Amino acid sequence: MAASVVKTPKCARRRGSTKEQQQQQQQPQSKASKSTKDSSNWHWWLLLASVFLITFATRFYKVTEPDHICWDETHFGKMGSWYINRTFFFDVHPPLGKMLIGLSGYLTGYNGTFPFEKPGDKYNETAYQGMRYFCTTLGALIMPMGFDTVYDLTRSHEAALLSAAYLIFDVGLLTLNQYILLDPILLFFMMGSVWGMVKISKATAAGDSYSVRWWFWLFLTGTMLSCTISVKFVGLFVVLLVGLHTATELWIILGDLGQPIVETLKQIACRALSLILWPILLYTLFFYIHLSVLNRSGNGDGFYSSAFQSRLIGNSLYNASMPRDVAYGSVVTIKNHKTGGGYLHSHFHLYPKEAGARQQQITTYTHKDDNNKWLIKPHNKQRLPKDKLQLLRHGDLVRLEHLVTKRNLHSHSEPAPMTKKHLQVTGYGEAGVGDANDVWRVLVVGGKVNETVHTVTSRLMLIHYLQNCALTSSGKQLPKWGFEQQEVSCNLNVRDKNAHWNVEDNEHKLLPSVSFSVYAPGFFARFLESHAVMLQGNAGLKPKDGEVTSRPWQWPINYRGQFFSGSSYRIYLLGNPIIWWSNLVFLALFVAIFLGNAILQQRRAGQCRADRSEDSANSSTDVCSCCPEEEQLEQQLVQQQQQQQRQQQHHSDPLRAAAWLFIGWLLHYLPFWAMGRVLYFHHYFPALIFNSLLTGVMFNYMIQSLPRWLQHILLGGLLSLIVYSFALFSPLAYGMSGPLANEPNSTMHSLKWLSTWEF
């Protein structure tokens, strides 16, 4: 019987080594890839050049018109002047944007003398153009960065071009870019932060970690983040976005089993250095420059503590020589000790009937004024003998006479005008003569019996002798009848932390004077106080008379704009309605498509798990062990291909790119719903940039499955529509004259699509 022979099937690998097969496959592919890459680079450079050309043409057209102050140029131009003159001032925003405006003016010939009093004032011979050119240049650079950001996220020229077009042809963004404002500076640094974030991700995925290019983008992104939050505190939103993106990327690196855990630790350390420590160092440096340059006394001194003011040249406390001790007969100013606290102040005006007793108003006022001066008198005598010196001590009873009006600080059982749980504080009496309700007990916080009251350094409480309440500044702003100064009241809760005061100026002929330079604070003390004052000022912002404010729900729908110039040459801040409303459409489409795609992927994943389970139960795996080395090489090749696919998916998946832009939009829009401060239309423009980039990504994603010729028609049609709408609405940015749009003979009458548009 013949033996049966079983033939072993020939191993497919013996036809040629895996390396040889790989080389054979790569040769034609590399040639085709190189050709495609060259063509793609050529198209990218051509489109980028077009974006630059159109952006700068639209931004610099009529940039010096109108030749008068427009909207907030009155604030930021004035602050630029103060930097040139080194005059200290108070503002609710960090200093970098205003410093750059001042620097640009100084370098282009502006001497810092123009008053910037009110919108509409003519510049005349003032060299204001350099500051406008500077702000416009930074605003114009947003569009090329947006173009490159979207291209790196999607590898699509069409998506990048459409996103850039949505930014270029929005008349609202154009208007905001052309004037001496913080907004173009803020938006430039914000866009630069996102641009750097995407570049870091791209370099990391390409395996270029720790290269010079990788480090460059890390530190550039850190610099942009620091600059963004150094212009306005809303820069914190882009810091959160970059932080979330970085954390996600580190999580992906941690999950890559092909990398050791040490790689994750190195990545964390490098990013902490460049994206946390470096921005903090820069932020601190900007404030150091700010406080060093503004070393002369100005109208913002009173918002800061007495010790802070002692560092300002020209302030009454700078190198001050005044009595160390406070005595009866001293003429003093009394400053509320809380952050941003004002001076105890009075004037001849009375409280109205609805605000309590019709007696003289007592307020706090943040500016230095003769109406801030008070005379300290004994509680039971009108005056001390001229040659007698008696120091003021902890626990003494006193009367405080307002030096200008000769009325005493007084309180009674009437409720305070704003804080009804407190008692009213008034000025009462004639020629310093009043009644028993003028008596106050002076207490040094933490003081001991017979402890002397000192100028500046003693923290005081004034307790009403009869009512047993503490003199306090509630922080509430009085109405017009109180000149919008802050309410002073008497709090029955004597533990009120706002009831702390200090003597700032002190005049007495019989007391020797000492130098107060030893009490001047260092940089870090002033750095911290500056932030406390800014944050408090930000929270307390109120609208001015006739000022148009808005709410967050109005912004995305372009409900109402605001005038930048209301004279015969009108400028009106309003978004291009075609761009803004289509942005909302694509925003909604993204949410729907993203959720639908997530559900579909989850269902497919469940089906794959079920299929694998069935296959493992019904089949066995044949293992080829004839060539273990070739098996190992093939596994490595498969792993490399899988890694390349993951990287490509991570960086070119349109929905993933759109998701990050959507998160950026949320972070720059939703927080405003929780803010209690006054809000304006221009606060939406950072979110608008993310929405416009998202629109380009989503439009390209939705037309990808269509024939190429149809894609070009749709893209060309949409571009034509937004260019045409820009041409229609461009007078809003470039200037309008003649009748308003609500009049039938106006050239803009047909463009008033909403009744709330006021141009």
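Cβ coordinates come from backbone N, Cα and C, glycine included.
Owing to the predicted nature of the structure, the values given are computational and were not obtained by experimental measurement.
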- Message: If you look at how TrEMBL annotates this chain, which of 156-176, 177-197, 681-701 comes out as transmembrane segment?
- Response: 681-701
- Task: Count, for each of 214-247, 655-675, 681-701, 713-734, the Cβ pairs lying under 8 Å from the transmembrane segment (130-147), and report the range with the highest count.
- Result: 681-701
- Note on the structure: Long-range CB partners for the transmembrane segment (713-734) (under 8 A, at least six residues beyond its ends), listed in sequence order, are 61-62, 65, 158, 161-162, 165-166, 169-172, 174-175, 178, 561, 571-574, 576-579, 699, 703, 706, 747-748, 751, 759
- Message: So if I exclude everything within five residues of the ends of the transmembrane segment (681-701), which remaining residues of that chain have a CB under 8 angstroms from its CBs? That is, six or more out.
- Response: 142, 146, 149-150, 153-154, 156, 158-167, 170, 172-173, 176, 183, 186-187, 190-191, 234, 237-238, 548, 550, 552, 554-556, 560-562, 573, 575, 579-580, 582-584, 586-587, 589-590, 593, 654-655, 657-658, 661-662, 664-665, 668-669, 672, 715, 718
- Give the residue counts of the domain 'MIR' (389-445) per reduced DSSP state, in the order helix, strand, coil. 3 helix, 29 strand, 25 coil
- Task: Could you tell me the mean pLDDT over the domain 'MIR' (323-379), as a whole number?
- Result: 89
- Item | Chain residues outside the transmembrane segment (578-600) and at least six past its termini with a C-beta under 8 angstroms from it | 166, 169-170, 172, 556-558, 655, 658-659, 662, 665, 688, 691-692, 694-695, 698-699, 701-702, 721-722, 725
- Message: Same chain only, please: residues at least 6 beyond the ends of the transmembrane segment (655-675) with a C-beta under 8 Å from a C-beta of the stretch. Say none if there are none.
- Response: 150, 153-154, 194, 234, 237-238, 240-241, 244-245, 552, 555-556, 587, 590-591, 593-594, 597, 649, 683-684, 686-687, 690-691, 693-694, 697-698, 701
- Could you give the number of helix, strand and coil residues in the domain 'MIR' (450-506) as assigned by DSSP? 6 helix, 27 strand, 24 coil
